[in-house]
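Colleague: Annotated motif ''HIGH' region' per Swiss-Prot: 9-19, in sequence order, evidence recorded as sequence analysis. Per Swiss-Prot, the feature Zn(2+) binding site maps to C98, C100, C125, E127. Annotation source Swiss-Prot lists motif ''KMSKS' region' at 236-240. Look at Swiss-Prot and you will find K239 tagged as ATP binding site, backed by sequence analysis.
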Amino acid sequence: MTVRTRFAPSPTGYLHVGGVRTALFSWLYARKHGGRFILRIEDTDRERSSMESVNAILEGMTWLGLEYDEGPFYQTNRFSRYREIIEQLLASNHAYLCYCTREELASMRAEQMARKEKPRYDGRCRERHSPREGVSPVVRFKSPLEGRVVIRDLVRGMVIFQNNELDDLVLARTDGTPTYNLTVVVDDMDMGMTHVIRGDDHLNNTPRQSNIFYALGKEPPVYAHVPMILGPDRQRLSKRHGAVSVMNYREAGYLPEALLNYLVRLGWSHGDQEIFSVAEMIKLFDIEDVNQSASTFNSEKLLWLNQQYIKNSAPEHIAHHLSWHLGQLGIDPSKGPDLAAVVKAQQERSKTLLEMAHNSAPFYREFEAYEETAARKHLNASVLGPLRDLRERFKEAQSWVAPALHEIILATVESHHLKLGKLAQPLRVAIMGRPISPPIDVTLELMGQATTLARIDRALAWIDHRSNA
């Protein structure tokens, strides 16, 4: 048997971290077992679905590297198939037409609640054989009245539902459009899904869907219901906790592999290991090892993990992702120093690629103004002489590499009887516009001789102007 898993989001909003974790678990399970991973877009809610959301899902999957083997398949292209199955269920007496009006259903619900009963459809149309004039019917599934449904869940173990507690769910609305519980069964059946990994908010749908499978003469797939992700307040993760689109994490400067690593550890672990390559995830992950209890999303832990990935990844890999962020700032990284070298100079301290992009910008374009506090502190008349001397030494430099530049700075400091910081910091502000940069000799090598001289000239002119103002 070839393992077949799927990710089936609804394009009614952004792709959030809970959905990504579900997709990741399904993808890892398929990859671990040499199976197939299918992407299905459940877009039957035409009012709320949008192509913008579809594109956001596809973009997110691509950025994360969760490549799918088949799809994307769209449910709106399969309405004729759903109608065919509805007719089959009606013909086999596993479904029936229900003519109850909304008012009648509301009255039924109110009476049941008054009797402190669980609200549910009472089946009054199960054996109705004549249409009701002026009423468009829905199609309901004729749920078994006896027996039980046993779900052998890979995460939760054996879960048992009594059929007499399940009501007759709607399969098709009055306008003929199919409902979720029908479409998901037909799709999983037609697409040969062997394993369905999804959030545990779907657990109560599982016995209903299983009964539809049985009515169609098919065995349901193996299910695994993973617990939800909670915010720090132990409430379900939402926008107020930062549960934004996965692409917002890209915009904030997170690496895709850092986000995947963080999400795989929400509910799953392998000893005390914190950091996993994608290859290690595929090798070690097992859906049966996922915890049953909910996990808490910790933004600080994600940030720490992102920092570790930035620090320890190949500079060329970081540069590939950093180039996108520089592009967002209107910077073409091909017009300047080697981007991998710029990355290497900053990897040790950068927490996000967004931070690194802003810190890298002065290497590729002139900064608009000096950081005011730093300029007032470091660019003053007392450094005019040392800076002019340093500029002349730089102008005559025969080798523009960090060790040689370091020696030039030391020689200048000694000749003016200064401590290194008294010249290095003004130089840093002059070159970068701010008091923070990689080591000053490395910064100068990356900046290049011509740009370094031009920026020292700019700083000298700025100091002169302030001194004479």
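Glycine is no exception: its Cβ is also placed from the backbone N, Cα and C atoms.
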Colleague: Pick from C98, C100: which of these binding-site residues has the biggest number of other Cβ atoms within 10 Å of its Cβ?
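Modeller: Checking each of C98, C100, the winner is C98.
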Colleague: Pick out which of the binding-site residues C125, E127 has the most other Cβ atoms within 10 Å of its own Cβ.
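Modeller: Output for this query is C125.
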Colleague: Given the model, what does the mean pLDDT over the motif ''KMSKS' region' (236-240) come out as?
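Modeller: Mean pLDDT, the motif ''KMSKS' region' (236-240): 73.
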Colleague: With the Zn(2+) site defined by C98, C100, C125, E127, which remaining residues of that chain have Cβ atoms positioned within 8 Å of the Cβ centroid?
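Modeller: Same chain, not in C98, C100, C125, E127, Cβ within 8 Å: Y96, L97, Y99, G123, R124, R126, R128, P137, R140.
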Colleague: With DSSP assignments reduced to helix, strand and coil, which class does C98 (Zn(2+) binding site) get?
Modeller: strand
